[in-house]
Amino acid sequence: MSTLAPLRLLREPSNASEGNHSNATVGAGGGWCQGLDIPNELFLALGLVSLVENLLVVAAILKNRNLHSPTYYFICCLAVSDMLVSIGNLAEMLFMLLLEHGVLVMHPSIVRHMDSVIDVLICSSVVSSLSFLGVIAVDRYITIFYALRYHSIMTLQRAVVTMASVWLASTVSSTVLIAYYRSNTILLCLIGFFLFMLVLMLVLYIHMFALARHHLHSISSQQKPPTAHRGGSLKGAVTLTILLGVFFICWGPFFFHLILIVTCPTNPFCTCFFSYFNLFLILIICNSVIDPLIYAFRSQELRRTLREVVTCSW
């Protein structure tokens, strides 16, 4: 068992033999295809940083009643998803170290069950993170285009149903993924889900920015100062766009890796790309580290509450 096992199970296609891997290394550039040897300590350190950051975001949202709204509840769920990735990562690392040093002695069947539980935890957290990014984008879209009807459209009851549905779907789909991770059909579903979320967010953000640009143009032509609502909407759109950019940079290489597994599992250049899988995992963990920083610096209310949480001003 190794760090982020459910993702590392996808390190390379099952039908890529050792001979093919060796030929790919020679044929695709020698040293360039050696990949990166990233120590487990780096995974552990990033996991700890992500855990602390996301825990602070959750604490800040729970502490401040002004943040008790569907929008921040969705952000809180995203932070919980990122936090669970870190918890699963740390739990698996600790479990592995205890087994390797003989501190923990368990029957192999129990070890397999524990491994499966941690695998499902990490995978469900990853899928829920992608889902809540899309939910937050839709919520921001409603805020901007249906501002007067927002509270009637996005009620607390609907927000709770949405959050519960995301967690339930993420758990079920992750259980299936762990059980059939070698199936190309499962990989195609995962790739399709990523592409759907990416296209959804791109379409919503482009539409939001088109409206914001039109408003700014109208304001400048009339020589009127921007209203607080329009300024806040534009700031929210910029925040989500930053999140989208970070998401694409951090997750893009991993899903491109999955695409290559399905399309060219034995191609020398594809096999060479597979050797950098550890780097793709580091980028995934970095996404959980960067997201809370974006919330803290882009939301004044959340930034103030985070300061109170850190200084224990309860």
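Backbone N, Cα and C atoms are what each Cβ position is placed from, and that goes for glycine too.
Quick caveat, the model's predicted, so the values are computed rather than measured.
Feature annotation from TrEMBL assigns transmembrane segment to 42-62, 74-97, 117-138, 159-179, 185-212, 233-261, 273-297. The annotation domain 'G-protein coupled receptors family 1 profile' is assigned in TrEMBL to 53-295.
Taking pairs at least six residues apart, the transmembrane segment (273-297) and the transmembrane segment (74-97) share three or more Cβ pairs below 8 Å and count as touching. Taking every recorded stretch in 42-62, 117-138, 159-179 and counting its Cβ pairs under 8 Å to the transmembrane segment (185-212), the highest total belongs to 117-138.
For the transmembrane segment (42-62), the partner stretch with the highest count of Cβ pairs under 8 angstroms, out of 74-97, 117-138, 159-179, is 74-97. Here the domain 'G-protein coupled receptors family 1 profile' (53-295) returns a mean pLDDT of 81 for the predicted model.
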